[in-house]
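As structure tokens, the structure follows; a few thoughts come after it.
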Amino acid sequence: PVQIGLSPEGHRALLHAPARRENPSSGTALCHISISSGLGISSLHCPSSPGADRSLSPPAEAVPPLSWAGCLPFCTGVRPVVLLQHGLLAEGSIWLTNLANNSLGFILADAGYDVWIGNSRGNTWSRRHQVLTITQDEFWAFSFDEMAQYDLPAMISFIEQKTGQKQLYYIGHSQGTTIGFIAFSTMPQLAQKIKVFFALSPVTTVIFSQSPFKKLSFFSDSGIKELFGTREFLPHTALGEQILSRFCVCSKFCKHILATVFGFNWKNTNMSRFDVYMGHIPAGSSVQNIIHWLQGVHGGALRAFDGGHMYNSLHYRQVGAPFYDVQHMEVPTAIWNGGQDCLGDPRDTALLLPQVKNLVHHKLIPHWNHMDFLLGLDATEVLYREILDIMKKHP
């Protein structure tokens, strides 16, 4: 994860910076975004059990680098920790790509929280392994199972070690909620470390999803591998970024494709930052992860990856892939979902809600699509202030 923190001067400078033709944060790494916003930042790596390194970044660092400072002057004492986890085909900077008054990462840091941002294995910033390289099929043999079983616990343990705090707030978007539901329902000791689980556009089933990716479910698992190979799926490339940022900004058809695939709501998006958004997505994942999601289209439930008889017998000691039961999760949970969400369909969310035993808040936002939770022009008023209010009620 990436821990971030604001200096007051840098924050104000960002808020009042004049508009530029070229966005300085388009196509740049998270640390560069933070520096251009008046933030110091350090990128950390925490090894998870099977050897993969999860990229982390810590919150408040001003000058000099790597110092633990940067909270606003009125912040005193220990700052509560927040871990932000992005969704499928995204990366950690998605929490920082809008201006400071409209990006959840900045808003939380400005409110005095110790903000950590995770990058899921296999994306642009999480491609390290202690033994394997990205040219080996074994590196890409993972799905959101491993993210929940190994990576999320490793990140939480790492943050606990660095901050000395025994509990934190967890905010997930899309697949970031999926790994939260799995991890917190299967590992009670880990669940005890979560003050509140904030699930933004939660996805545990994709029965009603309107995503074009759903059509790939007509192919067998081996057919998907024939189409896309056995390694990386939709990695971020310089050519792809140029095509998306230069061509799509003026093409209604291209923007329509992006809206249906990723869930953009262009009427509620700051189009002057279009090149910034395209500079960071898609950020890639593994083909196996995509296959796992497609298995959910037919299965209609949240299950572990089904690798076939031999794989299942070896990994699970049973013929079929086991089911995950969200009802086993005791963590206080707040859920927001969008009425126009093409990926986290409201009908799927309706199936999830009765399974959440400790639901402290739920809100349906009728006009929102999938990316509004991260990039919506009205996100601060509609969502982020509510998150801060709930945090204050659950210190």
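Using the three backbone atoms N, Cα and C, a Cβ is placed for every residue, glycine included.
What TrEMBL says about a protein is an automatic prediction, not a curated fact.
Computed from a predicted structure; not experimentally measured.
TrEMBL lists S174 with the feature active site, nucleophile. In three-state terms derived from DSSP, S174 (active site, nucleophile) belongs to neither a helical nor a strand segment and is classed as coil.
Non-local neighbourhood of D341 (active site, charge relay system): S201, G263, W368, N369, H370, each in the same chain, at least six residues away, with C-beta under 8 Å from its C-beta. Residues or ranges marked as active site, charge relay system in TrEMBL: D341 (among others).
TrEMBL lists H370 (among others) with the feature active site, charge relay system. In the three-state DSSP scheme, H370 (active site, charge relay system) falls into the coil class.
Among the features that TrEMBL reports, domain 'AB hydrolase-1' is placed at 80-376.
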For S174 (active site, nucleophile), which residues in the same chain are close in space, meaning a Cβ under 8 Å from its Cβ, but six or more apart along the sequence?
H86, G87, L88, A90, L200, S201, P202, V203, L343, G344, H370
Validating a neighbour-count step here. Other CB atoms within 10 A of the CB of H370 (active site, charge relay system): how many?
29
